[in-house]
Amino acid sequence: MMRRKNGNKRYFTRMGTRKKVHTFVRVKPTDDFAHEMIKYGDDNKSIDIHLKKDTRRGVVNNQQTDWSFKLDGVLHNASQDLVYETVAKDVVAQALDGYNGTIMCYGQTGAGKTYTMTGTTENYKHRGILPRALQQVFRMIEERPTHAITVRVSYLEIYNESLFDLLSTLPYVGPSVTPMTIVENPQGVFIKGLSVHLTSQEEDAFSLLFEGETNRIIASHTMNKNSSRSHCIFTIYVEAHSRTLSDEKYITSKINLVDLAGSERLGKSGSEGRVLKEATYINKSLSFLEQAIVALGDQKREHIPFRQCKLTHALKDSLGGNCNMVLLTNIYGEAAQLEETLSSLRFASRMKLVTTEPAINEKYDAERMVKNLEKELALLKQELAIHDSLANRTLVNYDPMDEIQIAEINSQVRRYLEGTLDEIDIINLRQIQEVFNQFRVVLSQQEQEVESALRRKYTLIDKNDFAAISAVQKAGLVDVDGHLVGEPDGQGFGLGVTPFSAKPGKKSKSKKTFKEQLSSSARKEGASSPVSGKELDVSTSKTQLTPSSKEGDVKDMTIRERETSSIEPLPSDSPKEELRPPRPSTPPPKPVAFEDFKNERGSEINRIFKENKSILNERRKRASETTQRINAIKREMDVTKEALNFQKSLREKQGEYENKGLMIIDEEEFLLILKLKDLKKQYRTEYQDLRDLRAEIQYCQHLVDQCRHRLLTEFDIWYNESFFIPEDLQVALKPGGSIRPGMVPVSRIMSLGEDAQDKFSQLQQVLLPEGPDSVAFYNAKVKTEQKHNYLKTMMGLQQAHRK
Ligand code: ADP
Ligand code: MG
């Protein structure tokens, strides 16, 4: 922090993980150290500069002469070794734990930046931060056998705003892009076209470093550039994967070692040509660096101007941010350089304001992750299987659902929505999700159906489209409220819902009795048709069910019914010319429609059904009474037999009388014998009755089943016809038409309980899935026909035109 000696400016250090940039000053050894002007604090963490007024030419009296700079350390006469320990060691160590690090040397030319960063290549002892950092990295890798760590390096030079690859002379397999460009992606900033070299050992790394240094020197000669005018960035990239395969996390980091161009201000000495150009570039890029640093130091600033020059752009993710950052300012100790020294120290103190938030660069190895997840999945599946078998749920399948299972869920959802299914059993999470999914599917289908039904029937006008509404009003089609003229019930035009009382089938002609229908169909089909015979059997069943009917008759009937049930035709009941009331826009729920059907079009068959059922019940009741009587007779017979046996034994004990070979018995015994005889006769009669009754019941049961089947079948046809089949298709559905509507297969009608309510709930379960499926079929059919008709017409027109 730069402050005036007597200043009292306060600054804040943010708590938490934020960290200040570490700033150090290295003073170049000299015999001519300006002791009066440069003083170090006792803790060696500050530098005080004192300027004698008279040493400055043209300086006015009130100008500042004293400065104090707080730093993290002053390195005076420090060895390369100590410099590395103080400045770089921690940064490099943390890079192996995944933290990015940046070390920059700043200062005027000749102050020792390159000496500090690279050192002398001839003398090992004088080697700089670069070779030492490489050494430390490889030492640490050796100490971490648990990790597979790779090291790569690159060496970039920025000269007059151009990028140079100092390692381009080495073989390198990778994209060569010229000119190199700075690219940003979510992972950070990288230089496209800059070669990055894998190094597996210290020695290789050194070779790379030397190669770079050599190229730097050669380039300065061949391209006539002053090496102190360029910025050099040596980057060490580290990537560490755990050798434990299950660990899918890995860390990456990079250490940027930056040797900046000389910071001296050249403008005033009147440089020309190349020197001026260089100076402009250097001054610019360093002042942009300074701007970026000022912005980074100002925590209210959101935008940091990184892209103003190549240097700051290339270092974008290495300045501030999540890096460990160190600035080493190289200064001269001589009085003659004090002005530049002061300027360098100002830069350092500004840098000190910058805070960073070092964070580990943790990444995930996608391949390992997939493998681990697969393992985990297999394990969890096993776990589930065990869990299920303990809970007796052995049949639960957790695999993704196939089309059939999804279709089944779709059907469940439909039944649930229609009210025919009380609840959908929860099986597993996947199934629950699919249920919700199918809810959405069904909902959107229904919306479409409703809309297309409306569009078929009405011309829809937007309620906000006043022009259209007034046009319709002018035409006299609607009144001011938008009601259809002449429509008393106030149904809005376009969206009117036909009242259900006007549903199809409610018409005088359909009141034709079932018997009439049957006899008409019998006439059509011919009297010898087995169908007509069967239908008549049903209609006249009441007379057939007299108690006197013979068992043989019953059997014949039953067989005949079985033979004919599969070819049962539709009774024709809707003549073509008949005017149908408008179809409701949404089909009524099946239970409601069924009640209606029973009272109207299906009333006759329903009546017969009910009659047969009551006969059946009456026969059952009688059979049960007869059984009770038989049991009573049997009990009495047993008692009588016992009494008779007692009399017999009594007689035998008392001595028997015999008259002409005939046994003489007393009156009591005789009466018992008569009684037993009578009981036996009664028993036989009752038993015969019961047998007859059973036959009747069996037959009657069959009739009831037939009637029920018929009722359901007719209902289903009527329901589809009335609410699903487009009207123009109705023609095709008439007897003799090309299409037979989907009849419910007999096999799908399950045996129903006698109670009307629960019988009905079962009926719904069987019938409902059939309905909506047929819609798509019929729609497709109509569309295909329309298309063909259109094509035919067009072809006809074309032919006519040619003629
Ligand atoms: P810069 O890179 O800042 O322009 P250099 O690192 O090239 O400066 O230093 C200029 C000269 O000073 C070099 O010959 C270098 O060896 C020498 N030098 C710089 N710093 C030191 C030091 N701390 N100890 C010994 N020699 C140094
Ligand atoms: Mg240098």
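If you go along the chain as it appears here, the first residue is 1 and each next one adds 1.
Even glycines carry a Cβ here, placed using N, Cα and C.
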- Kindly point out the range from 139-166, 279-306, 363-390 that TrEMBL annotates with coiled coil. 363-390
- Those binding-site residues among Thr109, Ala111, Gly112 lining ligand 2, judged by a Cβ under 6 Å from any of its atoms, are none
- Query: Among all the protein chains here, how many other CB atoms are within 10 A of the CB of Gly112 (ATP binding site)?
  - Reply: 20
- Query: Counting other Cβ atoms within 10 Å of each Cβ, which of the binding-site residues Gly107, Gln108, Thr109, Ala111, Lys113 scores lowest?
  - Reply: Thr109
- Query: When neighbour density is defined as the number of other C-beta atoms within 10 angstroms of a residue's C-beta, which of the binding-site residues Gly110, Thr114 has the lowest density?
  - Reply: Gly110
- Message: Can you give me the average pLDDT across the domain 'Kinesin motor' (20-354), rounded to a whole number?
- Response: 87
- Three-class DSSP assignment, Gln108 (ATP binding site), comes back as coil
- Cβ-centroid neighbourhood (8 Å) of the ATP site, Gly107, Gln108, Thr109, Gly110, Ala111, Gly112, Lys113, Thr114 excluded: Lys28, Cys105, Tyr115, Ser228, Gly262, Asn330
